[in-house]
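Database features, via Swiss-Prot:
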- His95: active site, proton acceptor (ACT_SITE)
- His258: heme b binding site (BINDING)
- 1-20: region 'Disordered' (REGION)
- Arg91: site 'Transition state stabilizer' (SITE)
Amino acid sequence: MGSNECPYSRQNANIGGGGQNNRDWWPDDLKLNILRQHNSVSNPLDKGFDYTAAFNSLDYFGLKRDLEALMTDSQDWWPADFGHYGGLFIRMAWHSAGTYRVFDGRGGGGQGQQRFAPLNSWPDNVSLDKARRLLWPIKQKYGSKISWADLLILAGNVALESMGFKTFGFAGGRSDTWEADQSVFWGGEKEWLGNDVRYLNGELDNPLAASHMGLIYVNPEGPNKNPDPVLAAKDIRITFGRMAMNDEETVALIAGGHTFGKTHGAGPATHLGKEPHGAGIELQGLGWESGFESGTGRHAITSGLEVIWTKTPTKWSNQFFEYLFKYDWELTKSPAGAHQYVAKGVEPFIPDPFDPSIKHPPRMLTTDLSLRYDPEYEKISRRFLENPDQFADAFARAWFKLTHRDVGPRVLYQGPEVPSEVLIWQDPVPPLDHPVIDNDDIATLKKAILNSGISHTDLFSTAWASASTFRGSDKRGGANGARIRLSPQKNWKVNSQPWLSESLAALEKIQKQFNDAQSTDKRVSLADLIVLAGAASLEKAARDAGHNVSVSFTPGRTDATQEQTDVDSFNNLEPIADGFRNYGRGTPRVLTEDFLIDKAQLLNLSPPELTVLIGGLRVLNNNYDRSNLGVFTKRPGQLTNDFFVNLLDMGVQWKPADDTNEIFIGSDRKTGQARWKASRADLVFGSHAELRAISEVYGSSDGEAKFVKDFVAAWEKVSNLDRFDLKQTGLAQRIKPQL
């Protein structure tokens, strides 16, 4: 070691936050950090900032004009190919939205996460740091009226339109986040472009939708750089399918995107410096500084591939399909040594991006040829070749779906270019077209609910089962629509219980009786009635425990139909394990309590909200199969803090019931008599130090009143997670039911 070399790494910096941390000592520790993200502490905007209002005050078409002008305003520090940045901005928007996956709804462009690591430093995102910097003067001009999340997508739309393509529309409304989202599982590989972990069992690991660490979809050279278009098609079908795209949408997206621009592989990637998150401070957040000749323009290195697909790379055309089928293709390599294909025996006629005197032969990627040599893709490709209007429509729709899949329901769509057509992947619910129930109706309906012959615990469990399908990642699920009565939700194992079908039948009967009795157009939806049943049942449970509470309720939900429900798509919301209902068990890789934290994060819960909900759900006997797991009370159905009192009782000793370590028996320390049974999702609130600290608040002698108040608040939050109609219109005037 030289005299000037430091023997310490920055990880061991002797300042606050340095040195070994808990995750270093205990890497398997429960990841509660994902429940503490994106809060007001990290947000620099004013408290109460309303992005929807800000966006709607924007000079939207002025912004679009500025973006269109930028497309051809080539900058010396990063020159535009063919004098037009369109291809670059299409790629930027695609790679922002394209991280979405259907299994957990995470990823996507809805939070502007491409600005942060790891996405800003993925190998597949080389040079997109430059695209975002090109946008900065426009973002600076319009400030908080346009989020980065919206701007990245809108720039892609304007790029398409500026090159002659008619888009399907655009919806704003994506609010920015201000830190990297730590909840997303991007894979277990420790090397960029690795895939040894995600294919450990022979198939792509769930919930991943990319074939390699750091790629958006697949390796364009072919699987593990095997330039076989047929094998590549298998990877394409899996990855695009996991991003919610069918074969037609997949073909349209690949061909449509590759109608424009070019790839960049002027030299080997060894010439590139560190990625943005690892680069020197002097680069100010830019990365991949190139040492290859000028490093820009014709010398740019991005993917290592060097392909220009069409003769008019800044104009919409059908040339991609024309060339795909017109020419025979032979394998070659780019200047960087990457596998790609060139048209055999064809005189060069493709323009050079910077020198009009130079021409190139047509070239394609391995994954482009998949659209010709995969039998199913070929049928679609030939149809698009022969019917350019069908291709244009399919690409417009697929691009809109790609860029809006994680925005949420249509009520969140903002701006003057929102398309009027309702699409099934938007999980539509009928518009509210009738007067809603008032306070007197609520009081009447609550009495009918509690006198229905169904226990209040079953009614509350029904409401929880409906509302808790929500996931904040892509804003799907929730109580609105009452889809719990429809396929596929009614057939999920967690919902295939007699008490649920009986509760729904009773509520449907009450709904019919009420609606039939009206002399006006006033109606109550089943979706509203399910949530109202939860409120009425919760008030009764609290009252039976000696607490007089009022549970807030806002009517206005409507009932979706089976025709408005994509069964295959909704099946992605079915839980593998759900600790809130003591359903399912962990695996050697994902423990039961890990599944619980994952579910809590999708419900936008904080650690205290998670804790209080578990305590209340257990004493209300919310277990899906009505087992006694975690029901630490002698008075089930009453809203008490008994779960915490008995969990923290040092007179109880816990031991595994068997060698699975999933079920535990709590016995009296002195007599050995069994008192309770618990799952891992129960005992974690006594074993994990941070969760135990919260549990102690609720388990104290003065904790029950706070517990009841906090449980009611947490339920109100969960039951309204999907009420974006209230949040967007400012009509969140909750009707307080009469006591």
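Note: Cβ is positioned from N, Cα and C throughout, glycine not excepted.
Here Arg91 (site 'Transition state stabilizer') is positioned 10 angstrom away from the residue listed as 'heme b binding site', judged by their C-alpha atoms. For Arg91 (site 'Transition state stabilizer'), the same-chain residues 6+ apart in sequence whose C-beta sits under 8 angstroms from its C-beta are Leu128, Ala131, Gly257, Gly261.
For His258 (heme b binding site), other Cβ atoms within 10 Å of its Cβ number 24. Listed in sequence order, Gln114, Asp124, Asn125, Leu128, Ile216 are the same-chain residues at least 6 apart in sequence whose CB falls under 8 Å from the CB of the residue listed as 'active site, proton acceptor'.
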